[in-house]
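Visitor: Have a look at this one before I ask anything.
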Amino acid sequence: MPIRVLDELPAVNFLREENVFVMTTSRASGQEIRPLKVLILNLMPKKIETENQFLRLLSNSPLQVDIQLLRIDARESRNTPAEHLNNFYCNFDDICDQNFDGLIVTGAPLGLVEFNDVAYWPQIRQVLEWAKDHVTSTLFVCWAVQAALNILYGIPKQTRTDKLSGVYEHHILHPHALLTRGFDDSFLAPHSRYADFPAALIRDYTDLEILAETEEGDAYLFASKDKRIAFVTGHPEYDAHTLAGEYFRDVEAGLNPEVPYNYFPKNDPQNIPRATWRSHGNLLFTNWLNYYVYQITPYDLRHMNPTLD
């Protein structure tokens with residue numbers, strides 16, 4: 001699915017160099033089809049890096065995807081130029097009267113911060129409540145999963161004593177589920193979180209269906225039966241080098257981090273890591289776009305009435 005973005009967005013050239021199909025707005029205007037409108041609420045500090053990661057995963061299917069980037073934190077960014085934010089991001093007030101086919105809420109490095117201490121917690125609540133009536137399907141990633149479980153289901157924050165960092169094996173629980181269609185029986189995916197997601201907690205306190213778990217019994221992928229919300233507790237969007245960057249950052253900060261599990265060859269941080277989860281990440285996002293967004297979203301977005309099974 002070629003992603004449709006503004007011609008000047010830095011990700012255009014970056015992804016084209018990787019042979020990723022990116023369609024600029026000027027080119028897309030010549031195709032007589034309705035693109036899927038996908039809103040990305042980017043909560044990560046390094047916004048350009050995160051844009052590249054998610055746009056890469058949204059790009060590999062025959063339909064157009066019209067991407068809109070959203071920010072809700074008005075504070076000055078230390079990691080992203082103000083010019084970039086002003087040129088390519090909208091504020092919630094700019095889009096609150098619109099409807100979208102899909103919404104992705106990214107992770108955020110807030111695993112040890114209490115919800116009420118998050119500077120934009122009221123805005124997070126506002127967006128999630130708004131999405132119920134304005135978005136066909138929402139995908140939450142890592143910290144956003146924890147935030148959504150609290151806001152939508154009242155589940156208190158669950159925190160691990162140590163950070164889960166590395167590339168872990170998972171297994172699917174429902175081979176015929178649409179979101180896991182085409183998955184291998186077991187697959188690898190990266191995690192980088194303090195948040196804890198025991199599968200028993202999800203089963204006991206929500207009506208969500210767990211579709212894949214870690215080998216340790218943590219919920220990795222789960223969703224509502226009506227496909228309106230989906231959750232992934234890891235980071236399938238990560239580049240090969242992302243965990244390494246986080247590890248060396250923490251080393252320089254004197255935090256004495258554990259070496260990410262099953263990541264560096266021979267467990268040696270001097271060795272260059274490889275991405276062993278790329279096919280999984282691409283298939284997950286393609287399935288979400290197809291089965292959770294495209295197949296149920298209304299053609300006319302002015303009338304938000306998803307087609308439910």
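Using the three backbone atoms N, Cα and C, a Cβ is placed for every residue, glycine included.
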Visitor: For the substrate site that Swiss-Prot describes with K163, R249, which of these is also annotated: S137, S192, S224, S279?
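Guide: Only hit among S137, S192, S224, S279 in Swiss-Prot's substrate site, alongside K163, R249: S192.
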Visitor: For a quick check of understanding: among the recorded positions K163, H235, R249, which residue's Cβ has the most other Cβ atoms within 10 Å?
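Guide: Sorting the candidates by Cβ neighbours within 10 Å, the top entry is H235.
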Visitor: Taking 10 A as the limit, how many CB atoms besides its own sit near the CB of E237 (active site)?
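Guide: Step by step: centre on the Cβ of E237 (active site), count other Cβ atoms within 10 Å, giving 26.
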Visitor: Around the substrate site (K163, S192, R249), what further same-chain residues have their C-beta within 8 angstroms of the site's C-beta centre?
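Guide: For the substrate site, the extra neighbours are P109, S165, L243, E246, Y247, D250, P257, P260.
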Visitor: Can you tell me which recorded positions out of G111, K163, S192, R249 are within 10 A of H235 (active site, proton acceptor) by Cα, answering none if there aren't any?
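Guide: S192, listed in sequence order.
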